[in-house]
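Some notes on the structure that comes next.
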Amino acid sequence: MKEADAIKLFIGQIPRNLEEKDLKPIFEQFGKIYELTVIKDKYTGMHKGCAFLTYCARESALKAQNALHEQKTLPGMNRPIQVKPADSEGRGDRKLFVGMLGKQLSDADVRKMFEPFGSIEECTVLRGPDGASKGCAFVKYQSNAEAQAAISALHGSRTLPGASSSLVVKFADTEKERGIRRMQQVASQLGVISPMSLHLGAYNAYTQALVQQQALVAQSAYLSPVATVAAVQMQQLAALNPSSIIATPIASITPSSGTSTPPTIAATPVPALPPPIAVNSYPPVPAAPNGQSASEALYTNGVHPYQAQSPALDPLQQAYTGMQHYTATYPAAYGLVGQPFPHQPTLVAQQPQQPQQLQQREGPEGCNIFIYHLPQEFTDSEMLQMFLPFGNVISAKVFVDRATNQSKCFGFVSFDNPASAQAAIQAMNGFQIGMKRLKVQLKRPKDANRPY
């Protein structure tokens, strides 16, 4: 029978020819085994070189970890065996974060609140440099069951004096989760949640003008199509006029039928746009799932451009005839409203993607970065989550040892533009996760054919 506070262990660096029956003799000496499962690929069934192990008793797991972790190397392996709590166990499953405490509460007050649910090993109110309470604390029980009982009974149950909301009681984050959250906070502070806002703030004003145009169309779908298109054309010309600072507001438009008057929509002042970025030196990047190219999505923040109607209805095309070759940079500036005239052809043809480019896993030159000193447990998905705040990620890959399927603690991330890559390097190089500091650098052209 398994104890309530039994620990699930992750076993790494085991030979791929060893199955459960071969591993049992190694671990049975520390106690009765409740469950031992070799981890295999769910699609291919191939051995991944690691396993999960749960003893009936918590004490047995601690003994096995102390005796084996990085102490013994199994035949055929280059590195010693790894024996440590699985990620699901490492969630601080006995350690709770308590928020929305009154700032006058002491450690003893918090301990008294949580003692009815079990034996407390640690209880600490977090305080600032001046000694003042931050209104939160960590409480660590002896078992997961006790921690669960405290969450069930206390979370959201009351609002303490001096707190702005009800009591928060939840499992504390792991080191990995804290690291990812800190990375995202750094990215947010640098202003790079929108990938180009760090360097190209004026483009966001351009996007805002497009959003307002779409709002106009959505609210005036019952208008005469010609009147709607004409109004939006005027708004686009005003927003894109380099010599103008304030876009002309769109006044009320009298509908062709009915008595209702649509709401007036005024444009926010839009600064003059900087010269377009020359994108012709970079090869086309893969198309995004919504049909936009990745470069188009970058400069429009995901706003879907409306299809153009006809040359006769597009004064922008006539006014800016010298800018056609920048359509990858300002694609939505050449489209009119598509709703009044559905299923019309696009005026400016987009460059077709080549099949081999759709399968491309690297970005253009200057858009690919290497990351060294990653935590051992980081996977592709966590790498992706770490670098998404800096821009559109084409691929994120942690390098894995083929023999052991264990991380080599480095990887690469490919963006679809150099600015995002530079922003990621600026923010993340030297960033500390646990005991490690990340090393983030640009992949040099001469590295193109090297795996690392």
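Backbone N, Cα and C define each Cβ position, glycine as well.
Annotated in Swiss-Prot:
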- 7-88: domain 'RRM 1' (DOMAIN)
- 94-174: domain 'RRM 2' (DOMAIN)
- 367-445: domain 'RRM 3' (DOMAIN)
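Break the domain 'RRM 1' (7-88) down by DSSP state and the numbers are 22 helix, 26 strand, 34 coil. Note on the domain 'RRM 3' (367-445): DSSP counts are 23 helix, 30 strand, 26 coil. The average pLDDT computed for the domain 'RRM 3' (367-445) is 86. Counting residues per DSSP class in helix, strand and coil order gives 22 helix, 26 strand, 33 coil for the domain 'RRM 2' (94-174).
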